[in-house]
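Just below is one structure, and these are the notes that go with it.
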Amino acid sequence: MTRWIGGPLFDACFFFGSGVVALAAGLLMLAAPAAVLPLWFAWIWLVEGPHLCATWQRTYLDAAFRRERGRLLWTSLAWLLPGPVLLAASWIGGRPEPFLLFLGFVALWSFHHAVRQHHGILSVYQRLGQADAAARAADTRLLHGILWAAFGLLALAHPANLDLAGRVAWGAHAIVALAALLAAAVLAWAVLLVRRWRRGSALRPGVFGLVVAVGTTLFSLFAVGMREPLLANPLTTEQVFMAATIVGGTLHGLQYIGIVIATERRRVKPVRAAGPVLAYALMLAASLLYVALNLARGGAPVGAAPGSASAQVFLALYWGLFCHHFWLDQKIWRPSTDARLRAELGLGAA
């Protein structure tokens with residue numbers, strides 16, 4: 001059994017190098033805030049759009065998957081509906097709460113989706129490195145605990161929310177407690193890695209978890225996020241956090257594309273199946289539609305006016321697309337119950 005998902009160079013580029021690319025993008029935006037909008041366009045076209053297309057390539061465009069999981073593919077389309085339905089409820093009732101609750105729900109699901117992917121890659125490296133049960137459990141708990149504590153800390157401590165946190169009796173105490181918990185957990189994980197290094201145990205899983213997943217996410221949330229908005233004259237909350245979203249989204253998207261390429265290379269494919277370069281080129285062409293959708297929903301200060309009726313419709317469709325992506329991902333990436341996927345990840349024969 002290999003100790004790499006796609007090979008040493010491949011993993012260095014996609015699963016570890018993705019953190020370097022995300023870090024570089026963040027540093028560039030901190031140094032030159034005018035780069036935020038151009039980088040946003042580059043990100044949604046070159047990374048975010050193809051990462052969505054990669055899911056469809058692996059499912060809807062795969063004949064074997066359609067035969068085996070056709071019911072999942074059809075029923076998952078129901079996730080396109082909640083956004084438009086709740087938007088209609090807001091319009092009919094004359095109150096914004098139904099649609100705002102939907103947007104809050106998908107924001108939390110989006111972060112959970114990112115955490116889940118980090119955990120998935122961490123788990124694969126744990127299996128490849130034959131980490132023991134205690135190490136696997138410790139890394140998993142630390143990963144989830146640190147990332148969610150960081151999310152909560154940013155929500156409370158960001159300058160835009162400090163007044164709100166100050167109105168709550170426990171707000172200031174929660175900020176201090178979360179910051180202390182976060183620092184202690186990061187230090188504890190670092191100590192664990194040093195101990196494993198001294199014992200000669202597998203380090204790659206912990207390095208991925210602590211340095212790449214946690215390190216890049218903390219950089220995104222605090223080094224970049226706490227300085228937001230970097231975009232001049234943001235019109236929405238999403239635009240306020242545009243730079244941090246680019247950093248986190250670059251890490252997530254590149255790693256997802258890497259996982260799909262690595263597993264597709266081990267799949268038995270038809271002779272005329274497109275190679276990774278052609279497949280990516282086709283994804284870039286399709287991603288132009290994704291760029292148009294982002295402009296139509298008011299995702300940037302150019303394009304449709306955020307909050308307009310048409311922008312709200314496209315915003316509902318946009319998040320419906322992601323709900324579908326999140327749900328499908330939760331169902332198709334389960335190596336514990338899928339022998340073929342385990343083989344495609346290099347975890348053993350199908």
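Each Cβ is built from the backbone N, Cα and C atoms, and glycine gets one as well.
Note that TrEMBL annotation is computational and uncurated.
The transmembrane segment annotation in TrEMBL covers 12-34, 72-92, 98-115, 142-160, 172-194, 206-225, 240-261, 273-293, 305-328.
Between the transmembrane segment (72-92) and the transmembrane segment (142-160), the number of CB pairs under 8 angstroms, six or more residues apart, is fewer than three, so the stretches are not in contact. In this chain, the transmembrane segment (12-34) touches the transmembrane segment (240-261); three or more CB pairs sit within less than 8 A of each other, excluding pairs fewer than 6 residues apart. When Cβ distances are compared across the two stretches, the transmembrane segment (206-225) makes contact with the transmembrane segment (172-194), since 3 or more pairs at least 6 residues apart fall below 8 angstroms. Under 8 Å from some Cβ of the transmembrane segment (172-194) lie the Cβ atoms of residues 135, 138-139, 142, 145-146, 149-150, 152-153, 156-157, 165-166, 203, 206-207, 209-210, 214, 218, all in the same chain and six or more residues away from its ends. Beyond its flanks by at least six residues, the transmembrane segment (142-160) meets 111, 115, 118-119, 122, 171, 174-175, 178-179, 181-182, 185-186, 188-189, 192, 209-210, 213-214, 217-218, 221-222, 225-226, 228, 240 of its own chain at Cβ-Cβ distances under 8 Å. When Cβ-Cβ distances below 8 Å are used as the criterion, the transmembrane segment (273-293) is approached by residues 41, 44-46, 48-50, 52-54, 57, 257, 261, 264-265, 314, 317-318, 321 of the same chain, each at least six residues removed from its ends.
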